[in-house]
Amino acid sequence: MIPTLEVDKVRITFGGITAVDDVSFDLSGQELVALIGPNGAGKTALLNSISGIYRPSSGEVRLEGRSLNGVPVHKIATGGVGRAFQHAELFAGLTVVDNLMVGRHRQLKGSLLSMAVRVGPYLRREVAQRAVVEEVIDFFELEQVRNRPVSSLPFGVQKLVGVARALCMEPRVLLLDEPSSGLTRQEKEDFARFMLRIRHDRGLPMLWVEHDMQMVMDLAERIVVLDHGVKIADGAPDAVAENPAVRTAYLGVDDTEMTRAGSPG
Amino acid sequence: MQSPPVLRGRSRRWRRSPYLRTDYRRELALFPYSGPRLAVIAVTVLLVAAYPFLADAYWLGVINLAVIAAIGALGLQIVTGMAGQLSLGHAAFLAVGGFFAAGLYLHLGLPLWIAGPAAMLAGATVGAIAGLPALRIRGFYLGITTLAVQYVIIAIGLKYQGYLQTSFGTSGSLSLPIPDLGLFTLTSTMDWYYFLVVLTGVVILAVTNLKRSALGRSLLAVRQRELAAEALGVNVARVKITAFALSGALGGLAGALSAYYYRGVGIEDFDLLLSVEYLAMIIVGGLGSILGAVLGAVFVIATPLLVGQLIAVLGLEGVLSQHLRAIELAVFALTMIGFLLFEPDGLAGVWQRLKTYVTRWPFKYTAMSTQAKR
């Protein structure tokens, strides 16, 4: 069976600096894979190379067996890579519904004339896609805020809208970049529930960059650990937690030096 | 979506609460609440229709110019207000439209009803070309390249006028006949008024529909977060070029209309100041707002004339007549600065606040939704 997403010996360099060095792993089925590592380990750079925002200087990313090398960012997105950003990156000035409707962009093709007149097939498409978006709104329990401009929402809700927007694309794989950073404990727990529900209802693999080790240990089925751009571990949470290389990367050589872990856990 | 059986067919439409919407088609309607909105629309239409009988010929002419400018301003609003791509050379598209319409008449004898759409196509083509740099550069640098486009167009216009002078022996500028629209001609100022008002109404409706469709959402998405838009499958390059093309098309239409309205066109009318005035319209009106583009156009066109009238009323013509232009420009500049400092949402923002105040009265909280409707 071909994995949904394959990262194959990807190397990303900026000038003389190697941000990601020969990293390989893959995702398939409905795996929830956490991508962890200290700050500057290359996690976001790796996500960006999957989205096509950065181009790997060598190696390639494959989606369901097809190489994404040289494919434009928007084609990668419509091809099935959904992405939620670290700072939500919502479209301020648009409402929650309109933000989600951007995620249905691919299904709303139409000529300028049909959009300007807004009758017939285009209007039917708009109505049908609105219904799909409403399902996602129900899923994320955003009914109360659906017509609010996103900039007026609390940060926790904004991040939820960011994930909802990515899910509106009906992606084949979902990339989550620190979805829980900046959230309160309560919001994190709500978010964890949504992640499990996404996996249960949509059954799609997720690659999840996360700093909260407690969340990672509780939820992830597999953990990929990066340090200085190199993959140092890949496996079940328990095995990774016991891995001496991981302990060194996170905790330093001396076990008393706990501060580098950053988050509780 | 089917409405739940309980709601279906139980009450007649006029008895149903306007807030209870049972399908998405109704939710997406331009005016979801029928009753009071219909009254507002009826009053507006009546006022617009009655205006020629209420105002004198001078102010009718002023509104005609403002309405033509509103079409052009809507074009700039799409590219700069909605898509966030700074365009400093909007006058170039007006020049293209004006000269294209005039040229089609001069060389081929084609009337306005053919020249108008042709001018839009020409404007869209030039717009799409002018938008190419937007694929690589942003902000102020992009503004400078659009400025360069305007000077290229001015240079071409000058060459063309020179060619006409040598080969046709005409004076520098081109003259046009009374416009023939196939079914009727636009002879008087009042004919023009009704024609322009209906045409602008159509343009406003079309732009409103575009704004609330997939294209409009992606324009605003590109303005706000280009990268996020791209990661959601929006073809940013195509959206930008489309925005510039639409801007050029509406600019071209406004140019063709004003050429016919003045019964002539000359390249010296399309200077940098005109581009700045169009930018002023959308800033004073409110960036990204359709209502704002129209209000801004009326404001920018009418204010200097109002100042002139005011001076005349006050009997200061004798003293100030030499400085009239300077005073007009000073008032223009001060209102611009005032809007930038105190009312970044422009006239559309003022209108929105006023509306909220009236509908919420006697409660005084500001609704969150005021920002959303921009």
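Backbone N, Cα and C atoms are what each Cβ position is placed from, and that goes for glycine too.
Listed features, source TrEMBL:
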TRANSMEM  B:30-51  transmembrane segment
TRANSMEM  B:57-76  transmembrane segment
TRANSMEM  B:88-106  transmembrane segment
TRANSMEM  B:112-132  transmembrane segment
TRANSMEM  B:139-158  transmembrane segment
TRANSMEM  B:192-210  transmembrane segment
TRANSMEM  B:241-262  transmembrane segment
TRANSMEM  B:282-314  transmembrane segment
TRANSMEM  B:326-342  transmembrane segment
Quick test of the contact rule: Cβ under 8 Å, at least six residues beyond the ends. What residues does that give for the transmembrane segment (B:192-210)? 30, 48, 51-52, 60, 63-64, 67-68, 70-71, 74, 77-78, 181, 186, 216, 246, 250, 253, 257, 261, 290, 294
So, do the transmembrane segment (B:282-314) and the transmembrane segment (B:112-132) meet, by the test of 3 or more Cβ pairs under 8 Å (sequence gap 6 or more)? no
Need a quick answer: max count of Cβ pairs under 8 Å to the transmembrane segment (B:241-262), which of B:57-76, B:112-132, B:139-158 is it? B:112-132
